[in-house]
Amino acid sequence: KLVVEAAKVGNVEFLIILLSSYPDLIWQVDEEEYGTLFHVAIKHRQERVFNLIYEIGVLKDILATYDAKGRKNMLQLAAELPSSDQLNIISGAALQMQRELLWFQEIESIVPKSYVNQLDKNGETPRDIFVRTHEELKKNGEKWMRNTANSCMLVATLITTVVFPAAFTVPGGNRDKVGIPIFLEANWFTVFIVSDAIAMLFSSSSILVFLSIHTSRYTEKNFLKSLPHRLALGHAMLFISITSMLIAFTAACFLIFKSKPSVPITIVVAAPGIPISLFGILHYGLWLDIFHSS
């Protein structure tokens, strides 16, 4: 019973100690639940517990053939939708769908080939079970991905509309007739122009990336790699464009107010750090999930 409970909650350290003292517990079948501790780990999506199966060598091939209660093998358990608590470990329905696909493929790679097309009592293969039970999650994943892309695309568009005219209405203005910027030779002017150009480049590029997400085909294959990669790329570009825009703002303040007392300048320079920090802190969890999944 302790083995089953430890497998449910993912207590790997306890399992290692217990199995090292009582190795026969690996073969213990829980009649009330799903089978061996690895069946329990699969049902409850405990990756660290399941990874122990690779540390027992050739025995994993024997364990993979064990059927759980109700004649469900490992692949059939992996095809079922887990509880919401397990799904919500990762942010966003699209990333949850990707994790489920990866989990199913991982189990598929270790079970006997005959299990891939094995029918259950309802005449369904593990793949059929997966498609049926994950249909709603797939729809939610598509909706979440489109909404995220739309929101980010709106922000990127606003940045583009700000930084594009800024390149032509430079700080300090231009000299009469010749049209050469007054602060052309200043170092901070170079910082301003380069930062503005980077913000323009990355914001417009992120718009295209998020647009490709919006118009993408939401197949299982795309949920695995294409969509998470595009989402990670789009977020990275958006963050760079926001940072570059704020650097350009700081450079412009230095050019215009360089003759003023240092205290206001210090405040102006420090101010852009607030939105950058907030952007990172508030989206830290989502960013971590996105870049980890990609």
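Keep in mind that glycine also has a Cβ here, set from the backbone N, Cα and C atoms.
Whatever TrEMBL says is automated annotation, not expert-curated.
Owing to the predicted nature of the structure, the values given are computational and were not obtained by experimental measurement.
Here TrEMBL flags 142-255 as domain 'PGG'. Under the heading transmembrane segment, TrEMBL lists 148-168, 188-211, 232-257, 263-287.
Helix first, then strand, then coil: DSSP counts for the domain 'PGG' (142-255) stand at 89 helix, 2 strand, 23 coil. For the domain 'PGG' (142-255), the predicted model reports an average pLDDT of 87.
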